[in-house]
């Protein structure tokens, strides 16, 4: 029999409508942890402008440039897969420090590169650091955040990815006027500055994840951390008991046996969680966001903009739009829920991609006939690029990380999230390393029609496969994904004990004990 716990829930399984107090310390920890995501955003975006000058300085072909731009996502696969085991072994906190250190070395190597092979080696090192950062930031934030603010706080990594994208575009614009042998190197070297401050901040200011501490049997240390990140002693005590109950009967403190439970003999609910996380991360990247972020200058060139400064200026506008609209998701995730934002976001992406592809098709046909490109088509191309990144940022961008970091059981969370992150990186690499070849093969309009079809399939997947998780504790997720029913448990009505379950037929609230 499970230990009875009393939770007040309404008929939807949610907590009653009462606005909880914000914990400033939890907010600060989530903010600092999420800043590690700046590394990914900066490195992806800075390459979009740097590639223009690398091509001229190192005399590389489009194919080599395409590989150079996208390969960091494949390299980051190593880091994201290793980060799950590393964070179970040395802790979430020191994994963030390791990510910053690796990326620092990679940025220095890229900035000092003298040839294509040297630059590729620097991309490899930086990519491993990016993989570590991308996986650990949302996991740590999810484990620090209270359930009532988890969507808000766990969306921070995506906020900082977007901020990093914006910084990368600004760096492109700021250094573009320097000589070709110098400008792209400075763009990369500037990326070595943030990891220094991040590592120092993590070491001096951030506690370890209380859930990791419980997994190590360090309950007193976990209680101390929970006392600081909770709004009351009662909440801290309840969270500690829930974490201990969720971790009980699990695996070794260093995570051995997790892969077997995830991949070889998963329960039906774990299988559904894994499919949800992998599918969500797959569609986030397969719908073409990295093609737009990484190749915005080329897209604007195909739309009719020829000046380098104008192309980079329009790209900065993409960065501003992408960053601004992430704030929409940040403030709405815990108010309207994951599903409404996700479905709205995916629908907006589909509409934007179809409009962009149609505008580019008109431009291609006019160009092939030697006629002047119509200004409405040029304007529509720019506008739909902006609406595409805006739609992505207000839903699919942050929710992929929020959702994937919150749905796995505690014993599987780090390595389960690393599988989702690995899927994300593989698809990002596949998309970014094939974009130029793809648009040469099926035209740029055909490429965006293809992305629109993938995004449409993603909308269907989200609608069918992803339940709402707003307001549920991390320890509740197995129930959300059906674990209790599948294991043959039953709920019986008992006065005064257990958790509260709602009767959907009449809206009445019953107190039940799970046995």
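Glycine residues also receive a Cβ, built from the backbone N, Cα and C atoms like all the rest.
Note that the structure is predicted; figures quoted are calculated from it, not measured.
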Students should find that the transmembrane segment stretch in TrEMBL, chosen from 429-447, 448-466, 467-485, is 448-466
Looking only at the domain 'Major facilitator superfamily (MFS) profile' (29-470), mean pLDDT returns 85
Answer with yes or no whether the transmembrane segment (124-147) touches the transmembrane segment (65-84) by the criterion of at least three Cβ pairs under 8 A, sequence separation 6 or more.
yes
Using a cut-off of under 8 Å between C-beta atoms, tell me which stretch among 25-53, 96-118, 124-147, 314-333 contacts the transmembrane segment (159-178) the most.
25-53
Checking 96-118, 124-147, 314-333 against the transmembrane segment (25-53) for Cβ pairs under 8 Å, the most are found for 124-147
